[in-house]
Amino acid sequence: MERLIFYITLITFIFLLFLYPIFIKWLKKRQFGQYIRKEGPDLHNYKQGTPTMGGILFILAIFFLSLLTYFIQKEDLFLIIGVASLLFGFIGFLDDYLSIKKKDSTGLTAIQKLLLQFLFSIVIVYLISIFNNHSTLKIPFTTKSLDLKFFYPLWGIIYLTGMSNATNLTDGIDGLSGGIYVISALFTALIAGINFNHIPLLILPVIAYLFYNIKPAKIFMGDTGSLALGGILGSLALYYSVELFTILTCFIFISEMFSVIIQVGSFKVRKKRVFLMAPIHHHFELKKWSEERIVLIFWTINILTGIVALGGVL
């Protein structure tokens, strides 16, 4: 039955490769295009109108495959991943839809988005407590664990919210966020010890999307996809207590998020910016790095930190 899941995932991947061009045409016909942030780099202005919400297809694929795995194999993790992909994808969908409707890059307000993330994080943390109740964090490069006791639910909510924001912030260059997700999910799943036949369902749908998102991108995942990817990664890490490992397996996502925190904090306290622009990939764009160079270097860095993380499993 494990091989069955693998073969169905493979068929789904091939199906998505053929479905994405049709979906792109459908989005163009309905003028569901991306609105570029005014405060973003001028280099991105030519991307205005590129079809967005491409995350819908890979989210539905991951949701379907996750539920199938849950019902066939009784793997509780995949019920949680399926629910997380749908809930966080819904937040992103609302944001994208409102942005398109208002013909502006702003959809949900920051507070609205954060409240929904907190609410859905509570749901996921509650589900994890039902199926795999624990309060510990595995510490890399040791055999020890850190017990957070009654603080663990709060930690889980903050962690999951942070991870969904991290993946969202990284989605700013063609091929960047999707590629980093594939690398991060692969290494996190290997560290968690997931069955090899089940790992492809986490990454192949996103690889199908990447075929059409590598520069020049024919479609963007939108917040629909980027928020969902963070929900999936965060749920996986929380379920197996490997959150500390994701500092390495999700190194670029974490770095992008902290570059924004550092930038905002520095400007509020010192009235000075640390980076030319945050998230940090925009800093390198303004340094005249090409998108291809940034993506290649960021992918490579995340692969290397992922390998280091594997060495931390004792």
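First residue shown is number 1, and so on along the chain.
For all residues, glycine too, the Cβ spot is worked out from N, Cα and C.
Look at Swiss-Prot and you will find 4-24 (among others) tagged as transmembrane segment.
Residues 1, 4-5, 8-9, 12, 16, 19-20, 23-24, 27, 32-34, 78-79, 81-82, 85-86, 89, 92-93, 96-97, 100, 198, 201-202, 205-206, 208-209, 212-213, 219-226, 228-229, 232 of the same chain lie 6+ residues outside the transmembrane segment (52-72) yet bring a C-beta within less than 8 angstroms of a C-beta in it. Annotation comment: Swiss-Prot describes 52-72 (among others) as transmembrane segment.
Annotation source Swiss-Prot lists transmembrane segment at 77-97 (among others). Listed by sequence, the residues of this chain that lie at least six past the ends of the transmembrane segment (77-97) yet keep a Cβ under 8 A from its Cβ atoms are 52-53, 55-56, 59, 62-63, 65-67, 69-70, 107-108, 113, 116-117, 120, 123-124, 127-128, 131-132, 164, 168, 194, 198, 201-202, 222-228, 230-232, 234-236, 239-240.
Per Swiss-Prot, the feature transmembrane segment maps to 111-131 (among others); the stated evidence is sequence analysis. Same-chain residues lying 6 or more positions outside the transmembrane segment (111-131) and placing a CB less than 8 Å from one of its CB atoms are 76-77, 79-80, 83-84, 87-88, 91, 94-95, 153, 156-158, 160-161, 164-165, 227, 231, 234-235, 238-239.
Per Swiss-Prot, the feature transmembrane segment maps to 146-166 (among others). Sequence-remote contacts of a segment are chain residues at least 6 beyond its ends whose Cβ falls under 8 Å from one of its Cβ atoms, and for the transmembrane segment (146-166) they are 88, 91, 114, 117-118, 121-122, 124-125, 128-129, 134-137, 139, 227-228, 230-231, 233-235, 237-238, 243-244, 246, 250, 253-254, 256-257.
Residues or ranges marked as transmembrane segment in Swiss-Prot (evidence: sequence analysis): 169-189 (among others).
The transmembrane segment annotation in Swiss-Prot covers 191-211 (among others), and the record cites sequence analysis as its basis. Here the transmembrane segment (191-211) has Cβ contacts under 8 Å with residues 2-3, 5-6, 9-10, 12-13, 16-17, 20, 54-55, 57-58, 61-62, 65-66, 69, 73, 75, 77-78, 81, 175, 178-179, 181-182, 185, 219, 221, 225, 229, 232, 236-237, 239-240, 242, 245, 249, 309-310, 313 of the same chain, all six or more residues outside its ends.
Residues or ranges marked as transmembrane segment by Swiss-Prot on the basis of sequence analysis: 219-239 (among others).
Among the features that Swiss-Prot reports, transmembrane segment is placed at 242-262 (among others), with the record citing sequence analysis.
Only residues 6 or more beyond the boundaries of the transmembrane segment (294-314), in the same chain, are considered here, and those with a CB under 8 A from a CB of the stretch are 140-143, 173-176, 179-180, 183-184, 186-187, 190-191, 215, 245, 248-252, 281, 284-285. The annotation transmembrane segment is assigned in Swiss-Prot to 294-314 (among others).
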Using a Cβ cut-off of under 8 Å, list the residues of the same chain at least 6 residues beyond the transmembrane segment (242-262) that approach it.
137-140, 146, 155, 159, 162-163, 165-167, 169-170, 180, 184, 187-188, 191-192, 230, 233, 274-275, 278-281, 283, 298, 301-302, 305-306, 308-309, 312-313
Given a Cβ distance threshold of under 8 angstroms, which distant residues of the chain, six or more beyond its ends, lie next to the transmembrane segment (169-189)?
40, 44, 198-199, 202-203, 206-207, 209-210, 213-217, 220-221, 223, 225-226, 229, 232-233, 236-237, 242, 245-246, 248-250, 252-253, 256-257, 260, 279, 281-282, 285, 291, 294-295, 298-299, 302-303, 306-307, 309-310
